[in-house]
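Asker: Below is the structure I would like to discuss, written out as structure tokens.
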Amino acid sequence: MEEPNRLVEEATTNDMDGQNNEEERDPESNSLRQPLLKRNRTLSSSPFALVGAKVSHIESLDYEINENDLFKHDWRRRSRVQVLQYVFLKWTLAFLVGLLTGVTATLINLAIENIAGYKLRAVVNYIDDRRYLTGFAYFAGANFVLTLIAALLCVCFAPTAAGPGIPEIKAYLNGVDTPNMFGATTLIVKIIGSIAAVSASLDLGKEGPLVHIGACYASLLGQGGPDNYRLKWRWLRYFNNDRDRRDLITSGSSSGVCAAFRSPVGGVLFALEEVATWWRSALLWRTFFSTAVVVVILRAFIEYCKSGNCGLFGRGGLIMFDVSGVSVTYHAVDIIPIAIIGIIGGILGSLYNYVLHKVLRLYNLINEKGKLHKLLLALSVSLFTSICMYGLPFLAKCKPCDPSLQGSCPGTGGTGNFKQFNCPNGYYNDLATLLLTTNDDAVRNIFSVNTPGEFHVSSLLIYFALYCILGLVTFGIAVPSGLFLPIILMGSAYGRLLAIAMGPYTKIDPGLYAVLGAASLMAGSMRMTVSLCVIFLELTNNLLLLPITMLVLLISKSVGDCFNLSIYEIILELKGLPFLDANPEPWMRNITAGELADVKPPVVTLRGIEKVGRIVEVLKNTTHNGFPVVDEGVVPPVGLPVGATELHGLVLRTHLLLVLKKKLFLHERRRTEEWEVREKFSWIELAERWGKIEDVAVTKDEMEMYVDLHPLTNTTPYTVVESMSVAKAMVLFRQVGLRHMLIVPKYQAAGVSPVVGILTRQDLRAHNILSVFPHLVKSKSGKKH
């Protein structure tokens, strides 16, 4: 693991200075006023991360099924009709997620193609009239206004809408809840901001935001709408829990990828490979159903728009590089240039990640200065982009049109492969063809087949260098942005350059080289293989490309992994989100769960029948989410009839708050009857989250009363023996999707507590462990760079 990001520590220091002593006493939080790598005999952790543009408190999610008495009773009494209703509602919500995502994606594409298309058409007309300054003023001014709209919305209304949103979705599906990521305001700002930012000719795509939009729809549908206007229908409350919400958001993210590329299978595989931590076959079916709905919606709108009812959104928009009718031939000799593409893609992708990491750290420092600095940064990037895109085509030489293309060369400023741009009739400007066009048309132009001499080497070099620079400086500003399209355009440019260099040695079409270059750079930066292969396969509609695409992706990912992490993992670390990787560090096998428990403060336990005052005190003085319930003096069913100590289970903070809110208090220390509990609570209520201890009013007399925690306690918590290695415990923690893991003693004896400690997500993070056990640094043979 890399060293923790100092930017997060500095920002958190400012945020924590005003915290009261109560939060400082929290044994599971770290104020971050001291460096994490300083030797400290207490295992510390931080519940803070960069969310949007500020440091926010984050929580883990309760994916584990809470098997208490109420859950078991509810599960036994459910009729077949209720079970079928629950399943039907899951499929209904999956359908609605696909429907809304597909309609929104169509509207976004329609808006972008028309706004950007008419803007570029006006600019080309100004250039044809030799009114160059007017053309630049119009181009830069329109881009400036559109960027200002996107940035203002993100800065003032929904900071979490900036960026792609994919790292936060990865974190959520890994078990980390980030505030305000899937709200209604974020959704609206994401939609409008994406339209404005992409139409402003910024070097970013709508694909990443579409993934976030799909996840927002899924979250809002599952919880019945936004917080202030939430529907209280009983059947919707079935889904007001972290477990079902996770499944819906998984479907939403795959629907977003499908909407971006019209790739249903690629969308499912993207969710499986890139964002989802936990997967099962039932979720696979519902996710595939959602993406199928998206494809049907997109196809229906495309057929409708072909008749010219959608303005410029007809042939343009919704990337589709169909080469099904092109003869793709390659031989054993072509493996060498294909391998070279993969190697270069892996090197360039890892280099891009490294430089972007540095740029994002710098942008964090600028964004910390306030809203005005965020706006100025976004507008500066917009102005720089406008200058480059408008001015650089003047450096390119005019190329004569192919005589066989009469009528289509040069174009008139709409969709097409040829832009005249200050060239005489019969000539076109190849660099303007790539720069002064919408993103989808740019991809279509550079992927075009049977055009070996369409682009000059110098134009491709300028285009590649420009998009490398713009891609680095644009990602990170306060607008919704995606990485897919900038990387596709960069990769396709160097793919065409390699095609020109290797022309005498291969017969593969330069357009196919562009496809392979784009795939290799995406694999080198994002480290995706299977999903990316299927996405490109569905884009090209040609199975003959499958073997060489697979080879390129495997080589690029392998080369990129030798240098650094994927771009999304780098962003997760920059934000400080406690993402648990699938593979533990090798040195984690040299330390046990019991040793971690020894350096943590003593575990806070509750008795099965506890005093109200004790519960209130624990909730006020700690921020723990779960507390072991321990009964003393229990007579075991076998063995000597002496009092033993029993670990009854684990009770959650939200359930304790619910007890205090509903005042299920007893005047004497006794067990409650089953009917008493069912009269006050339902299983649906226990699955939902409740407020804070400050919102609960308990009188002085009630403090002396008792609460029976047995009916609310999860009697089957996941436990590990204290001798288990941290590596093994981490794998179990991640695969099952836990929030708490109880550590039990290896030896049971009189006077020995049945629980040694609790492991949480923060306790299993590498840099937190190394802060307490610095000697493990020497054994970090498998350290990632």
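Note that Cβ sites are derived from N, Cα and C of the backbone, with glycine treated the same way.
Keep in mind that this is a model prediction, so the values were computed, not measured.
What TrEMBL records for this protein is below:
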REGION    1-34  region 'Disordered'
TRANSMEM  88-112  transmembrane segment
TRANSMEM  133-161  transmembrane segment
TRANSMEM  283-302  transmembrane segment
TRANSMEM  335-355  transmembrane segment
TRANSMEM  375-396  transmembrane segment
TRANSMEM  460-490  transmembrane segment
TRANSMEM  543-560  transmembrane segment
DOMAIN    713-779  domain 'CBS'
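Just tell me what is around each of these and how deep it sits.
Answerer: A Cβ distance under 8 Å defines the sequence-distant neighbours of the transmembrane segment (88-112), meaning residues of its chain 6+ beyond its ends; these are 191, 194-195, 198-199, 206, 210, 213-214, 217-218, 221-222, 235, 238-239, 244, 247-248, 251-252, 255-256, 258-260, 286-287, 289-298, 301, 305, 310-311, 313, 317-318, 438, 440.
For the transmembrane segment (335-355), the list of distant contacts is 468, 471-472, 487, 490-491, 494-495, 498, 502, 505-506, 508, 513, 516-517, 519-526, 548, 551-560, 562-567, 570: same-chain residues at least six beyond its ends, Cβ to Cβ under 8 Å.
Using a Cβ-Cβ cut-off under 8 Å and counting only residues 6 or more beyond its ends in the same chain, the transmembrane segment (375-396) has close neighbours at 123, 135-136, 139-140, 143-144, 147-148, 150-152, 155, 200-203, 363, 366-367, 421-422, 429-432, 435-436, 456, 458-459, 462, 466, 470, 473-474, 477-479.
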Asker: Would you mind splitting the domain 'CBS' (713-779) into helix, strand and coil residue counts from DSSP?
Answerer: 27 helix, 12 strand, 28 coil
Asker: Are the transmembrane segment (460-490) and the transmembrane segment (133-161) near each other by the rule of at least 3 C-beta pairs under 8 angstroms (pairs 6 or more apart)?
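Answerer: They do touch: at least three Cβ pairs between the two stretches lie under 8 Å.
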Asker: So what's near the transmembrane segment (543-560) in sequence-distant terms, Cβ-Cβ under 8 Å and 6+ beyond its ends?
Answerer: 323, 328, 330, 334-335, 338-339, 341-343, 345-347, 349-350, 353, 512, 515-516, 519-521, 523-525, 527-529, 532-533, 536-537, 566
Asker: In terms of Cβ proximity under 8 Å, which residues at least six beyond the ends of the transmembrane segment (283-302) contact it?
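Answerer: That would be 90-91, 94-95, 97-99, 101-103, 105-106, 110, 247, 250-252, 254-255, 258-259, 262, 264-265, 267-268, 271-272, 310, 318.
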